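Below is one structure, written out as structure tokens, with a few remarks after it.
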Amino acid sequence: MYRPRPMLSPSRFFTPFAVAFVVIITVGLLAMMAGLLIHFLAFDKKAYFYHSSFQILNVEYTEALNSPATHEYRTLSERIEAMITDEFRGSSLKSEFIRTHVVKLRKEGTGVVADVVMKFRSSKRNNRKVMKTRIQSVLRRLSSSGNLEIAPSNEITSLTDQDTENVLTQECGARPDLITLSEERIIGGMQAEPGDWPWQVSLQLNNVHHCGGALISNMWVLTAAHCFKSYPNPQYWTATFGVSTMSPRLRVRVRAILAHDGYSSVTRDNDIAVVQLDRSVAFSRNIHRVCLPAATQNIIPGSVAYVTGWGSLTYGGNAVTNLRQGEVRIISSEECNTPAGYSGSVLPGMLCAGMRSGAVDACQGDSGGPLVQEDSRRLWFVVGIVSWGYQCGLPNKPGVYTRVTAYRNWIRQQTGI
């Protein structure tokens, strides 16, 4: 008799392998959708920069506000930046606001005007006109906050990335994180990248690297006097810019070399010189000046500093062709002058920096190069000039630098800076 074929129950189809396959496909689709969402949220946004000015009604302008090196300039700038930041953090723009920076404090009448750049991150489809209106509405509330009386300007200018770079590279001591108003600070490894130390100069004798230096204006380089002891004629010297001494971004002839009259090759006292360039240097992301400290700036033992240069990696070795950087600590003159150290050879116009264990140090070919420190506003100041030391990287024998604060008036007399 005919018997129909039995129907397979649905449960027979869903074997463990089939269930696993469905789960894998489902998870894969969900992961893909999440990835697309993350990509959209991350890459749909871009940075927007704006410039504005603020009149400070209850602060009188003084000469101390003329330089970012002074305590007064730093304190007032930080107060203004904190007020603006707090206002945006408590507004509807809190998720879009990134950072603000006072570019300059200037005189207007007897009062102070602060020029400020602000950074936001928002959708690429952002309506700039609407964004500008929203920013203005937040800034209008500044007059009633904090203990500064601020009158925000109604003028808010949208800046391109290039505009922002042009504005911020006119300020001394700006590294890449400040030029882009980034929240990240990265200094890693020993190899410097283009733009990391934009004030670094290679002073070359007959087109061969001989000493380092630091650009302190568009016409002047700060360096060590001992670099020119045997070769004082400027016609043999050029200054190059960029991380490579073999293929520099820019090469400029030297017009004049002004070494300190009191330099002693015996005591190494007054080991400082300024070099005048033959032509003005145009500032950019990769080439601009470092800040000079105030004569009263306190260099604190134990604080972090960075030394940069093309010096040899070991005592007696060859110079390198790509710029290197080293993190060191400031060491007190008392510690540096102990019998285990330099036994009193470190004079008041000198500064010690290195590591107690040795290892990281300036070496031959680094002479004249800068020792720099960062302030609370991410501006970098040259506090030392590579001068001398016993060999390189030995315990208790740190590098000895010319103390720039001790020669601040001399630098001003020679250069007008």
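Each residue, glycine too, has its Cβ placed from N, Cα and C.
Cβ neighbours within 10 Å of His226 (active site, charge relay system), excluding its own Cβ and spanning all shown chains: 22. The DSSP secondary structure for His226 (active site, charge relay system) is helix. If you look up Swiss-Prot, you'll see His226 (among others) marked as active site, charge relay system.
Annotated active site, charge relay system per Swiss-Prot: Asp271 (among others), in sequence order. Cβ environment of Asp271 (active site, charge relay system): Ala224, Ala225, His226, His260, Tyr263, Ile385, Ser387, Trp388, Thr402 lie under 8 Å away, each six or more residues apart in the same chain.
Under the heading active site, charge relay system, Swiss-Prot lists Ser367 (among others). Just so you know, the Cβ of Ser367 (active site, charge relay system) picks up 23 other Cβ atoms within 10 Å once every protein chain is counted.
If you look up Swiss-Prot, you'll see 46-162 marked as domain 'SEA'.
Residues annotated as topological domain 'Extracellular' in Swiss-Prot, with sequence analysis given as evidence: 39-417.
Residues annotated as transmembrane segment in Swiss-Prot, with sequence analysis given as evidence: 18-38.
In terms of DSSP helix, strand and coil, the domain 'SEA' (46-162) has 42 helix, 50 strand, 25 coil.
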